[in-house]
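Here's what TrEMBL has on this protein:
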type	residues	note
BINDING	49, 79, 82, 167	Fe cation 1 binding site
BINDING	79, 131, 167, 170	Fe cation 2 binding site
């Protein structure tokens, strides 16, 4: 697990001694990573997981006491772990959050209750659309880090791959729980994924 590794920090201690902490099994330090690329990855992933938590919060508010409530709760619990991890990585790598956090907040809470009001099919359609977008985005990040230096970014790759696999599980769960029976499923999915694409693009850069 990532939190079994020491974080990366670089600065001055109380007595002026320079402190550099590295991950135990990789060469990642603040001095030798591609800071711009890592900043973008952690910033947008933190924002995306924050948005996902907002979505599940809204869905649970509407459907929490229904038969599908435990299914949503299980996915939400994993998203909480994802957000916690990227929050830790933001501190470790000194990454600022995106200025669009309020946008993610509004988008998440709009999609959560909004799709849940279409009942479980609508909520699951939202899950399929969002998780498919996030998994695709994680795959792009994995390719970029693999091309650059798979050994140096080993731990970060492990985190992203694990979360990618869990997002794909959520995607499949949505399909198993009748996502495709939601009203205007194809249109709903396309609209949500278009919103996700814009949010990802902007959050990487702002």
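Count begins at 1; order follows the chain as displayed.
Cβ atoms here come from the backbone N, Cα and C positions, even for glycine.
Automated prediction, rather than curation, is the source of TrEMBL annotations.
The Fe cation 1 site is set by 49, 79, 82, 167; from the centre of their CB atoms, other residues of the chain with a CB within 8 Å are 48, 52, 53, 78, 81, 83, 134, 163, 166.
It is 5 Å from the Cα atom of residue 167 (Fe cation 1 binding site) to that of residue 131 (Fe cation 2 binding site). Spatially, by CA atoms, the binding-site residues 49, 79, 82 include one closest to residue 170 (Fe cation 2 binding site), and that is 79. Sequence-distant neighbours of residue 82 (Fe cation 1 binding site) (same chain, 6+ apart, CB under 8 A from its CB) are 49, 52, 163, 166. Under 8 Å, Cβ to Cβ, and six or more positions away along its own chain, residue 131 (Fe cation 2 binding site) finds 167, 168, 170, 171, 174. Residues near residue 79 (Fe cation 1 binding site) in space but far in sequence (CB under 8 A, at least 6 apart, same chain), listed by position: 49, 52, 53, 56.
Put plainly, the binding-site residues 49, 167 were compared by Cβ crowding within 10 Å, and the winner is 167. Within 8 Å of the Cβ centroid of the Fe cation 2 site, not counting the listed residues 79, 131, 167, 170, the chain contributes 52, 75, 78, 127, 130, 134, 135, 166, 168, 169, 171.
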